[in-house]
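Student: Dropping a structure here in structure tokens format, bear with me for questions.
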Amino acid sequence: MSLTLADDERYCFTVEWYEEMAARVRQFQFFYFVKAQSIEMYDIKNRKMFLRTSVKENNISPADLYLGNSINVCGRLLNIVDYGDDYTRRKLSAKKERTLGMIKPDAVDKLGQILDKICQKGFLISRLRMCRMNRNQALSFYQEHQSKPFLNALLDYVTSGPVVTFEIVGENAVGAWREAIGPTDPSAARKTAPTSIRAQYGQDVTFNAVHGSSDPGAAAREIEFFFPSSGPVPPNTARVGNCTCCIIKPSAVKAGMAGKIISAITEAGFQVGATQMFTLEKANAEEFLEVYKGVVHEYSAMVVELTSGPCLVLEICAPEGSPPVAPAFRELAGPTDPEIARHLRPRTLRALFGSDKIKNAIHCTDLPDDGQLEVEYFFRILDR
Ligand code: AMP
């Protein structure tokens with residue numbers, strides 16, 4: 001195998017792939033060659049080269065290479081489970097620090113703007129979930145503040161509505177995210193860090209819009225609280241009433257458009273009832289898109305796009321007493337083909353954010369009756 005290329009800069013990971021046909025998990029050494037812009041996978045059990053492909057063909061960048069991420073290589077969803085060698089561990093572990101961010105209840109209606117700001121500041125969100133904490137959960141999350149005089153006010157606040165929690169991965173993520181959110185008190189932030197998130201979206205020292213872990217130890221505990229590998233989590237907020245489903249597709253998430261798309265959706269008067277980041281297995285994408293199989297010839301390409309990285313799924317709702325939300329949201333989504341949309345309906349989401357028929361920024365439910373079913377598929381079935 002190409003360990004002969006060892007002089008070249010290359011990263012090595014252990015990845016796992018669930019092979020459907022054989023119903024088994026296979027382990028590989030995964031090599032990413034920076035100069036050659038190529039990828040190789042070496043089958044650990046059978047001790048032989050498994051595949052060689054180009055980085056470009058698979059739309060993978062070094063930013064995607066962190067533990068816990070799932071990447072799609074030649075149609076296979078690979079989970080990155082460990083570093084493959086000391087060199088990679090040494091080079092990347094500091095660059096791939098993790099922290100927990102949270103948008104608190106009073107700022108959740110600014111979700112689009114805040115996500116856009118997070119993206120503009122160059123942070124990578126690897127997991128995200130809108131949920132609602134009860135008092136016990138909030139107390140457990142804020143255990144270090146148990147004896148503080150502001151504890152009750154803090155618990156009232158963070159349980160007063162949904163929060164959006166997310167994991168950020170990147171170099172010095174804990175410190176960089178603390179710096180981006182600014183001082184605890186937004187009025188102090190407005191003086192000393194006017195471009196910080198608390199300066200722009202916080203009201204006062206209690207209602208301060210966002211949270212960031214204080215140190216790497218707290219980050220690990222808080223990430224485990226909201227994104228445990230097993231066990232209960234605060235429930236998602238899907239209402240599954242008058243709703244429809246919108247998926248910000250992996251290519252749009254990767255291009256950093258999620259915040260802008262959400263802002264366009266809320267500015268048009270729709271509400272985000274729930275949102276969560278999912279990385280879909282091929283089988284799930286096929287199941288979800290089954291109605292298009294044999295109907296549109298882009299079906300296979302649609303499956304590939306939907307499994308090509310994390311997507312952001314939204315439950316779109318309308319205020320109480322509104323007409324059915326699905327047809328109205330389809331109007332905002334616009335024609336499937338962004339080229340056509342740009343000619344006929346230039347203010348629609350696909351006209352504004354899509355690039356082609358497959359990478360057309362969003363999926364939205366086609367048939368009004370399917371809105372609830374699609375929302376249920378993600379928020380009642382796939383959400384752990
Ligand atoms: P921290 O973990 O440092 O972000 O603190 C937790 C949260 O408690 C802060 O983000 C505020 O919402 C709240 N908090 C901190 N200090 C005070 C305070 N002096 N008065 C009221 N609330 C506070």
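From the backbone N, Cα and C atoms, a Cβ is placed for every residue, glycine too.
TrEMBL entries are annotated by machine, without manual review.
The structure displayed is predicted, hence computed values, not measured ones.
These came from TrEMBL, pasted as-is:
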type	residues	note
ACT_SITE	His211	active site, pros-phosphohistidine intermediate
ACT_SITE	His363	active site, pros-phosphohistidine intermediate
BINDING	Lys104, Phe150, Arg178, Thr184, Arg198, Asn208	ATP binding site
DOMAIN	7-96	domain 'DM10'
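Set these features in their place in the structure for me.
Tutor: Listed in sequence order, Leu100, Gly101, Met102, Lys104, Ile181 are the same-chain residues at least 6 apart in sequence whose CB falls under 8 Å from the CB of His211 (active site, pros-phosphohistidine intermediate).
When Cβ atoms from all protein chains are considered, those within 10 Å of His363 (active site, pros-phosphohistidine intermediate) total 21, not counting its own.
The C-beta environment of Asn208 (ATP binding site), restricted to residues of the same chain at least 6 apart in sequence and closer than 8 Å, consists of Lys104, Thr184, Asp185, Pro186, Arg198, Gly202.
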Student: Give me the mean pLDDT over the domain 'DM10' (7-96), rounded to a whole number.
Tutor: 90
Student: With DSSP as the yardstick, break the domain 'DM10' (7-96) down into helix, strand and coil residue counts.
Tutor: 15 helix, 45 strand, 30 coil
Student: Report the recorded positions (Phe150, Arg178, Arg198, Asn208, His363) that meet this criterion: Cβ distance to the nearest atom of ligand 1 under 6 Å. Use sequence order and write none if nothing qualifies.
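Tutor: Result: Phe150, Asn208.
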Student: Other Cβ atoms within 10 Å is the metric here; tell me which of the binding-site residues Lys104, Arg178, Arg198 scores highest.
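Tutor: Going through Lys104, Arg178, Arg198 one by one, the largest Cβ count within 10 Å is at Arg198.
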